[in-house]
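All remarks here apply to the structure that follows.
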């Protein structure tokens with residue numbers, strides 16, 4: 001293959017697509033884009049990814065990047081406002097046992113740690129009807145894939161250099177002028193989500209002020225996403241070599257967690273290591289709490305001096321019904337004083353409504369019944385696979401009473417732009433040249449002192465791109481609905497898809 005790159009010549013595919021796919025898979029496997037096999041945790045397989053970066057609007061991406069620190073502050077301050085939290089959650093606390101238990105822990109357990117660590121991810125889709133970015137959800141717990149998303153950009157750069165003649169790959173920095181040529185692929189800025197997440201964790205650890213303490217990752221049993229999680233551990237250790245890490249499940253901690261009622265510290269048996277930070281990669285759905293011992297573990301952690309990521313109140317702030325409450329008049333402005341910035345945040349809100357108000361419930365049910373294909377019904381659950389679309393909504397309206405409907409919010413359906421790409425999946429289940437849509441996640445980090453209102457860190461740190469076929473409604477990678485991707489800001493938006501669909 002010629003290594004000469006001529007910007008004046010058009011790009012062309014140098015190898016058959018089968019060879020390019022094989023190269024991409026080898027690169028992914030050897031550079032750690034991996035998760036464990038479901039039925040054999042001693043073996044790993046690659047995480048699904050796209051073969052080449054998807055086209056995207058540079059201006060729309062810059063916009064959501066520019067408002068992330070304000071979004072961080074919004075959710076941080078909201079999580080500290082008991083009055084607003086209670087009003088937004090009041091309809092579901094009595095009928096949703098999971099939310100109710102988290103709320104009771106928050107309200108009855110004393111807070112003994114002023115330092116708060118938050119690792120957020122704000123998910124969007126671009127809406128072609130309005131030409132605006134619309135928020136899908138704001139993740140306050142277990143914001144996954146910061147450890148793997150940067151690897152996808154590396155895969156794409158390697159694939160493009162291997163597969164294409166006359167291809168110049170450029171890493172475009174935020175706010176840099178986009179001067180594309182026909183023979184260039186302008187990738188987004190280097191992805192610092194992993195490094196910046198590690199920096200926030202190290203800062204929180206230092207503020208805990210015990211260098212001999214440890215960091216605890218609370219994980220699900222038979223955890224598959226260990227490569228993503230261990231990437232964060234590795235990144236922290238590069239910054240602070242002597243921190244000890246442990247990964248434990250709720251079930252393990254029911255036997256191994258020790259709570260000191262005098263000092264309010266928590267320790268791990270048998271080493272008696274003091275825990276400085278508890279990072280939750282579990283605990284976001286009811287199934288993670290298999291018995292009362294697991295809930296007791298959560299209570300001990302919450303009332304301890306350990307720094308929680310997230311706290312119970314931060315987790316509560318991430319529920320869908322709170323997302324809807326933020327759309328109401330004056331709520332955003334209570335926390336974001338800059339009117340222009342508050343307006344920019346509001347511009348990302350899709351139209352939403354709930355069913356908790358008796359005066360408007362019947363009206364909203366009728367609106368949804370007449371417009372089934374214009375809305376998505378979302379429950380207050382994380383983890384993917386829970387939303388209801390189109391004809392799935394009607395049985396819920398017919399069979400649910402008012403209380404059950406209060407568990408849902410209705411969100412106006414977003415119509416994102418369609419692109420053509422190749423999805424590389426394990427076991428050869430690749431989808432070549434299929435029409436897809438993209439969901440963009442923007443990572444943010446915060447380290448604050450809730451007693452003094454000091455912000456030690458408030459940063460926008462990186463991005464996540466998840467791509468799925470147009471006939472797929474859900475968006476999770478771990479649940480198998482989508483693949484990891486990267487973005488191409490070249491103005492010739494469909495050029496790569498055309499090139500990869502041609503024969504070498």
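Placement of Cβ uses the backbone N, Cα and C atoms for every residue, glycine included.
Note that this is a predicted model, so its numbers are computed, not measured.
Database features, via TrEMBL:
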type    : residues                                  : note
DOMAIN  : 213-317                                   : domain 'Glutathione synthase substrate-binding'
BINDING : 229, 466                                  : substrate binding site
BINDING : 320, 378-387, 389, 411-414, 439, 468, 474 : ATP binding site
BINDING : 382                                       : Mg(2+) binding site
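Feature map: annotations from TrEMBL on the structure.
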| residue | record | CB count, 10 Å |
| --- | --- | --- |
| 229 | substrate binding site | 21 |
| 320 | ATP binding site | 23 |
| 380 | ATP binding site | 21 |
| 382 | Mg(2+) binding site | 19 |
| 386 | ATP binding site | 17 |
| 411 | ATP binding site | 24 |
| 414 | ATP binding site | 21 |
| 466 | substrate binding site | 22 |
| 474 | ATP binding site | 14 |
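When the binding-site residues 414, 466, 474 are ranked by how far their Cα is from the Cα of the residue listed as 'Mg(2+) binding site', 474 comes first. A distance of 16 Å separates the Cα atom of residue 414 (ATP binding site) from that of residue 466 (substrate binding site). Comparing Cα positions, residue 466 (substrate binding site) lies closest to 386 out of the binding-site residues 380, 386, 411. Between the CA atoms of residue 380 (ATP binding site) and residue 229 (substrate binding site) there is a gap of 25 Å.
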